[in-house]
Amino acid sequence: MAKSKFERTKPHVNIGTIGHVDHGKTSLTAAITKYFGEFKAYDQIDAAPEERARGITISTAHVEYETEKRHYAHVDCPGHADYVKNMITGAAQMDGAILVVSAADGPMPQTREHILLARQVGVPAIVVFLNKVDQVDDAELLELVELEIRELLSKYDFPGDDIPIVKGSALAALEDKDKSIGEDAVRLLMSEVDNYIPTPERPIDQPFLLPIEDVFSISGRGTVVTGRVERGVIKVGEEIEIIGIRPTSKTTVTGVEMFRKLLDQGQAGDNIGALLRGVDREGIERGQVLAKPGSVTPHTRFKAEAYILTKDEGGRHTPFFTNYRPQFYFRTTDVTGIVTLPEGIEMVMPGDNVAMDVSLIVPIAMEEKLRFAIREGGRTVGAGIVSKIIE
């Protein structure tokens, strides 16, 4: 069968189901595909393939579907550890999340942890599906559970009072039972997702940024840097800043090449060579970035959320403590940093996820939500995301 062309007519949004184990994330995912996509049964989604992101193996199921308004790519993970890894590494980017909570149990430890992670990694918006409502006869009890969910969301700085909560039963939807809590609830959920989760700004519309991968000089022409444009557009003749590792400097892009052809501009996703005016080959290096002036700044100290690999995943065999000094791999280069653990946390074991403060020995062009790998001698031992810049 011929592969159908990916229709680019609708806005595209990346989404995922989050929540406590056995609250119905995978059943809900299956139910959504039943009405909005090519139906995928529970077992097809649950048998998620393994993939590698930043040196870490993660099991993630990807499904796609569309509403009248949008096209969605949806991720669902089989295990709690996979969620933690997925959210921290950004293996599957999430523009929004559907938090699934069982009405019979209410919020549980992983409900809390996934909300906290969503906050730390910058998931912009959450919509709630209160599942298994057919297991609760008492309307007052349902109200209490809803209140509890709203309070929990507010506690982690989501607008708990405004977040849509849809009540239903994923199982009823899958089994074509009680339509009001089955099919109708799933359709209502997707209309809330359509309206409440904002359409992300496309990379091409964001300010220009290119992480430098390589630098060389061309006799008679000057210095060329190569790399993949991460976001935005660069036109010949535009002024840019060179940021990170050394003091920030300004230059002008005098040429853009792709596949040995000269272009007027390079844009998000393009692998380009950029010719820079008046820059010495020695004055620029891999690990710096080219960026639109004023759009991003260099920093050395930040708070991060990180996942530390287990021994079986190829990570450390032993715990680490405050003053641990690994390399932090940002975009294209390793920078040594010193770790400070939060008060009350003595050590971090392989397999833990942890909040920590990091102080780099040289500044890197940085913003919140920037992801990194933690490495020791070129071997990945963890992954993290900048949750807050300190200085």
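Heads up, the Cβ atoms here are built off N, Cα and C, so glycines get one too.
If you check Swiss-Prot, you get these features:
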BINDING   19-26, 76-80, 131-134  GTP binding site
BINDING   THR26  Mg(2+) binding site
DOMAIN    10-201  domain 'tr-type G'
REGION    19-26  region 'G1'
REGION    55-59  region 'G2'
REGION    76-79  region 'G3'
REGION    131-134  region 'G4'
*So of all those binding-site residues, GLY19, CYS77, HIS80, VAL133, which one's Cα sits nearest to THR26 (Mg(2+) binding site)?*
CYS77
*Would you list the DSSP helix, strand and coil counts for the residues of the region 'G3' (76-79)?*
0 helix, 1 strand, 3 coil
*Considering the binding-site residues CYS77, VAL133, which residue's Cβ sits among the greatest number of other Cβ atoms within 10 Å?*
CYS77
_Other CB atoms, at most 10 A from the CB of GLY19 (GTP binding site)_ = 25
*For the region 'G3' (76-79), distant same-chain residues with Cβ under 8 A (at least six beyond the ends)*: 16-17, 21, 25-26, 29, 45-46, 48, 58-61, 63, 86
*Report, as numbers and ranges, which residues of the same chain sit near the region 'G2' (55-59): CB under 8 Å and 6 or more residues beyond its ends.*
48-49, 77-79, 82, 85-86, 89, 91, 307, 309, 313-314, 373, 380, 383
*How would DSSP class GLY19 (GTP binding site) in three states?*
strand
*asked:* Going by a 10 angstroms cut-off between Cβ atoms, which of the binding-site residues LYS25, HIS80 has the sparsest surroundings?
replied: HIS80
*Just give the helix, strand and coil counts over the region 'G4' (131-134), going by DSSP.*
2 helix, 1 strand, 1 coil
*DSSP says what for the region 'G2' (55-59): how many helix, strand, coil residues?*
0 helix, 4 strand, 1 coil
*asked:* Within 10 Å of its Cβ, which one of these binding-site residues (ASP22, THR26) has the largest number of other Cβ atoms?
replied: THR26
*Give me the mean pLDDT over the domain 'tr-type G' (10-201), rounded to a whole number.*
94
*Three-state secondary structure, HIS80 (GTP binding site) (per DSSP)*: helix
